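Written out below as structure tokens is the structure these notes cover.
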Amino acid sequence: MQTTATIAIFMGLTISSTFVMMSNNWMLAWLNLEMNTLAALPIISKTKHPRAIEASTKYFLTQTIASCLLLLSCTTNAWYTGTWSITQMDDVYTSTTMLVALTMKAGTVPTHFWLPEVMQGSTLTTTILMSTWQKVAPMALMFSVSNHASPNITLILGLLSMTFGGWGGMNQTQLRKMMAYSSIANMGWTVMILTSQPKASMISIFIYIITITPTILMMELTSTKTLQNMTTSWSTSPTTSTTLALLLLSTAGLPPLTGFIPKLLILNELVIQNLTPAAVMATAASLLSLIFYLRTAYLTTLLNSPGSATSTMKWRLKIETKATTLTPTALTTMTMLPAMTK
């Protein structure tokens, strides 16, 4: 029975997001977004813990409010235009409401407060799901309505998301909350360039997904949940510890790692659009995220914890890591930039 439920939930997540990406009708997209939300709730609340129940409740309420805004927007647009087509959203008010609803589902400022709490109350496996697959459907819809969205609103939302994501992550010791604020900051880069260069926006979210997935997987395989655990990750596997540090730096966007590609494309596009002040502010905001990424990488590779008899070392726990399965993905997230240079 448990296997059947797992297969049903997996199929629900996969099919709903796929149908959202394929749909050209707002009603069909809304129904599949609802099915996606209902499929994610059992995954978040699977661990029998009050924090997991609280996280699933917050996720349900937030996604419900976003769905109501989305339904209001598409219904109003159908009233004005007489069609439910996704590509025909000409009214500025309905397109703005739709953008707010989709950014709320994806976890972007100003409707981002639910994401750190939900990810902190979930397991690391669920954290991967929230950071990657659950953003695919909203981003697909944002890509579809990008030509109707206001450039000023997307630029402001992007800069605010990068700033709040950086400030929020600097004060965290829990890695799941840190990854949540990292996701908020990355969504800022993605949304900021959505109207002027949607393809670069999609490249940004795609590279973030292939970068953050092996990062959190390595945290899970080494039983690392806090910054204090990072200081003992070398005792599980020095190779895994070094790779994890490189993945964190790649997520931060340091050249010549892969995470620098979308930031370079986005900054170049901002300069081309005569938005050099916005490019400078985006670069300054990215330094905030770089601070906690560098701190985490330093704790991972350059700092050894005190050798205390009261602390349980990980080699005594006999943790079986499977880091070799992550090698292709990890190498991809760190070596794509040289391959893309001319």
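In case you wondered, yes, glycine gets a Cβ from its N, Cα and C as well.
Pulled from TrEMBL:
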- 23-288: domain 'NADH:quinone oxidoreductase/Mrp antiporter transmembrane' (DOMAIN)
- 7-28: transmembrane segment (TRANSMEM)
- 60-80: transmembrane segment (TRANSMEM)
- 92-115: transmembrane segment (TRANSMEM)
- 149-167: transmembrane segment (TRANSMEM)
- 179-196: transmembrane segment (TRANSMEM)
- 202-222: transmembrane segment (TRANSMEM)
- 243-265: transmembrane segment (TRANSMEM)
- 271-294: transmembrane segment (TRANSMEM)
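Among the recorded stretches 60-80, 92-115, 149-167, 202-222, 243-265, the one sharing the largest number of Cβ pairs closer than 8 Å with the transmembrane segment (179-196) is 149-167. Tertiary proximity for the transmembrane segment (60-80) is limited to same-chain residues at least six positions away from its ends with a CB under 8 Å from its CB atoms, namely 26-27, 30, 33-34, 37, 41, 88-91, 93-95, 97-98, 100-102, 104-105, 111, 114, 118. Between the transmembrane segment (271-294) and the stretches 7-28, 92-115, 149-167, 202-222, 243-265, the greatest number of Cβ pairs separated by less than 8 Å involves 149-167.
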